[in-house]
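*Asks:* Dumping the structure here so I can ask a few things about it.
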């Protein structure tokens, strides 16, 4: 059948674009994963399991607050901005970006206030002493950059996945480099917090710089303007879309960063550290689907929904993601235990049982 002919599948230009963009993201993800393991390895070897767990909890706490509060503004930009660009309507694209940018700013402000305000009530349960409490409060100032996804949406809408790949490789490189320095010079907990903080700050700033540069190249000016309610008037269904994606992402976040924080509260920092290592390996199996999904969304928005092309594109992408995901999962099961022992040491081998 033609639907199962490999050559016929790859004759689809949209499918080839998805694979190309996924390859960009995949290459950076492989680099990011290796550098991320290096950063975690240095932290695990440079501190006791308990303090390693505290570091993981601090990072997960800030991310969980961000995940609960933030809107998936990158989806908004792709959903409404991509058709505007396709139809050569820069003013509508400007409205979409302005609305998305305003949501990021408002939600980021709410998140940072909420994150710092909640911290004193949770500090004892999270295993924070006086020094680590203030470092955790400092880390919470990163929440607005974690909550902002407008620049990611812009880069996807203008098909600059190469720039996304550069950013996704740069941030873990800086984190790994800082972690190596903190481990080598025995800077301890404070050194690792500062290294991770700086890498996140620089990585988040890069996204905004890349996005602003692409907007200037396309003569789209004054898009990064606080204009929440006025710009929303020109985007039909914008509010219902952002609320539905926000709720869906909040539910998703409960399984990820929030679960690490809960493990820390219930079982202690050392258990949270083991859980983080296990989740790092476990999530590798879902990475292919995530990468293809991020590439699929902009392409499907360019297709006519009245035809069968979007559906066929979804089936092809899903089958490809599932096949690669199964192979990655098998690899994790086979090499996971010796890899954990090699990278983190035998004191963290219990993490494999959690996988």
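Indices start at 1 and increase along the chain as displayed.
Placed from the backbone N, Cα and C atoms, the Cβ positions cover glycine too.
If you look up Swiss-Prot, you'll see 1-37, 122-134, 199-261, 345-355 marked as topological domain 'Periplasmic', on the strength of sequence analysis. Annotated transmembrane segment per Swiss-Prot: 38-58, 101-121, 135-155, 178-198, 262-282, 324-344, in sequence order. Annotated topological domain 'Cytoplasmic' per Swiss-Prot: 59-100, 156-177, 283-323, in sequence order.
Describe the structural surroundings of these features, if you would.
*Replies:* Computed over the topological domain 'Periplasmic' (1-37), the whole-number mean pLDDT of the model equals 63.
Sequence-distant neighbours of the transmembrane segment (38-58) (same chain, 6+ residues past either end, Cβ-Cβ under 8 Å): 126-128, 132, 135-136, 139, 172, 175-176, 178-180, 182-183, 186-189, 192-193, 195-196, 260-261, 264, 268-274, 276-277, 280, 343-345, 347-348.
Sorting each residue of the topological domain 'Cytoplasmic' (59-100) by its DSSP state yields 36 helix, 0 strand, 6 coil.
Long-range neighbours of the transmembrane segment (135-155) within the same chain, counting only residues 6 or more positions beyond its ends whose Cβ lies under 8 Å from a Cβ of the stretch, are 58-59, 61-63, 65-66, 69-70, 72-78, 81, 97, 100-101, 103-105, 107-109, 111-112, 115-116, 119, 123, 126, 128, 161, 163-164, 189-190, 193, 196-197, 200-201, 204-205, 207-208, 210-212, 214-215.
Distant neighbours of the transmembrane segment (178-198): 38-40, 42-43, 45-47, 51, 54-55, 58-59, 131-132, 135-136, 138-139, 142; these residues of the same chain sit at least 6 beyond its ends, with a Cβ under 8 Å from one of its Cβ atoms.
Tertiary proximity for the transmembrane segment (262-282) is limited to same-chain residues at least six positions away from its ends with a CB under 8 Å from its CB atoms, namely 36-37, 40, 44, 49-57, 60, 122, 125-127, 256, 332, 336, 339-340, 344, 348, 350-352, 354-355.
Long-range Cβ contacts of the topological domain 'Periplasmic' (345-355) within its own chain (Cβ-Cβ under 8 Å, at least 6 residues beyond either end) map to 44-45, 49, 273-275, 277-278, 281-282, 332-333, 336-337.
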*Asks:* For the topological domain 'Periplasmic' (122-134), how many residues does DSSP put in helix, in strand and in coil?
*Replies:* 6 helix, 0 strand, 7 coil
*Asks:* Going by DSSP assignments with H, G and I as helix and E and B as strand, what are the residue counts for the topological domain 'Periplasmic' (199-261)?
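*Replies:* Taking each residue of the topological domain 'Periplasmic' (199-261) in turn, the totals are 45 helix, 0 strand, 18 coil.
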*Asks:* For the topological domain 'Cytoplasmic' (59-100), could you work out the same-chain residues 6 or more beyond its ends whose Cβ comes under 8 Å from its Cβ atoms?
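*Replies:* Beyond its ends, the topological domain 'Cytoplasmic' (59-100) has Cβ neighbours at 107-108, 110-111, 114-115, 118-119, 122, 126, 136, 139-140, 142-143, 146-150, 152-154, 156-158, 196, 215, 218-220, 222-228, 231-232, 234-235, 238, 241-242, 245-246, 248-250, 252-253, 256-258, 260-261, 264, 272, 276, 297-298, 301-302.
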*Asks:* Using DSSP, what's the helix, strand and coil tally for the topological domain 'Cytoplasmic' (156-177)?
*Replies:* 19 helix, 0 strand, 3 coil
